[in-house]
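Please read the structure below before turning to the comments.
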Amino acid sequence: MSVNYEQSAADDKFAQAHQAVRLSDDEGSDDGADNEVAAPNLLGNTANEEETSGAANTHVVAHHYNELKEAGRKERHKSKIYFMRNFNNWIKSQLINEYMALIKQQKRIGDALRVLDMCCGKGGDLLKWDKAAISHLICTDIAEVSVEQCKRRYDDIAQRANKSKFGNKFTAEFFACDSTMVRLRERYKDASLQLNLVSCQFAFHYCFESLVQADCMMRNAAECLQPGGFFIATMPDAYEIIRRLKAAGPDARSFGNDVYNIEFEGDVDSLPLFGAKYQFHLEGVVDCPEFLVHFPTLVKLGRKYGLQLVRRSTFAEYYKETLPQGRQLLQRMYGLESVQPQRCANDEQFAHVRKTVGTQRGRPVGTLSKSEWEATTLYLVCAFKKCKNSWDANGKPLFEFDD
Ligand SMILES: C[S@@+](CC[C@H](N)C(=O)[O-])C[C@H]1O[C@@H](n2cnc3c(N)ncnc32)[C@H](O)[C@@H]1O
């Protein structure tokens, strides 16, 4: 079975394609398609779990991130993607702030605010959680080295907060595990814990290697969320990836620029729903296999676990939409490069500055290089709301979606 990842046709094709993949218990009786994939058993992983789950690449991904050295401040400044990384960080801040604000509207002062940072990496979002004044954080990632580093960063933040009268003190727990294979709640200090927000930044696409993994990861995102809580994520936009692949030429298997590259191995004319693998390279920070996320399938998986899609915006759209409230933060985070238009005269990376500035010649403009903009606009943000549920006579949840 292959799937059309082109945006215009994707939803129609999905209807056809997903009949072969059973995503929820109540769809099983449809037509009994021969090639139906069985609903996964996610309660326990057997010794040969990788064979049964199709998770052949998780070791490669874990190894890549474990080996990744964190560059010093000087090196980071010299990087070709210094501003883009800051820009991406700003996008994450905007997303976290938007949904934390919605959660806080439902709460009283002093109520607990609990967050899961799934695939937390080295703790790049710890300061964001600190600023959001949460009360408890769970951090998990497949790369043990990253989790250790994340914990050390948290210890530093907690130590500073202890010394300061105004510092926010939040508790935290850390563990390394594969969120596509392990039921996370069984690893929490308190398995009955209710979360207000689950965040998975630049990582959810790894679970689209197989249905079993995607199902497990989505359940991890959803099952401990309180009704009214949110799951927020950033991930590559498969529609945009396929659009660029097609634009690269009829036989093209790869595309990119001097900061990123995407290369497909298999037949790009018959990409599967899960396991649509490509090699992603991003200047100095990523070089490992990733998987296309078929968005209608993501939405469907979310609904299986009571998550209703409330936002899907490309980075370009989200930037435009949230810039009015986020301009100062963007400046403070150095999310754009300050460029003098007259200095761009012969620089193709900033040709867009010459075009857009018009009459304001001479004033510096905040922007990204063409290559950085092309790389960052490969991504999208999305948010899901956890719905209320009741139970049927068989103990199955009945979710009350708003739509
Ligand atoms: C691009 S990094 C993003 C890290 C962090 N969320 C951030 O925004 O800075 C992707 C992270 O996903 C983690 N990851 C990949 N596959 C995973 C899996 N199956 N389970 C848990 N973590 C995974 C990697 O180890 C890596 O830390």
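Any Cβ shown, glycine's included, is placed from N, Cα and C.
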Further binder of S-adenosyl-L-methionine named by TrEMBL next to Cys119, Asp141, Asp178, Gln201, Tyr206, taken from the candidates Lys80, Lys92, Lys163, Lys246:
Lys92
Looking at 1-39, 313-351, I want to know which stretch TrEMBL calls region 'Disordered'.
1-39
What recorded positions in Arg153, His205, Tyr206 place CB under 6 Å from ligand 1?
Tyr206
How far apart, in angstrom, are the most distant Cα atoms among the S-adenosyl-L-methionine-binding residues Lys92, Cys119, Asp141, Asp178, Gln201, Tyr206?
22
If you count Cβ atoms within 10 Å of the Cβ of Arg153 (site 'mRNA cap binding'), leaving out that atom itself, what do you get?
16
Going by Cα-Cα distance, pick out whichever of the binding-site residues Asn88, Asn89, Cys119, Asp178 is nearest to Lys128 (site 'mRNA cap binding').
Asn89
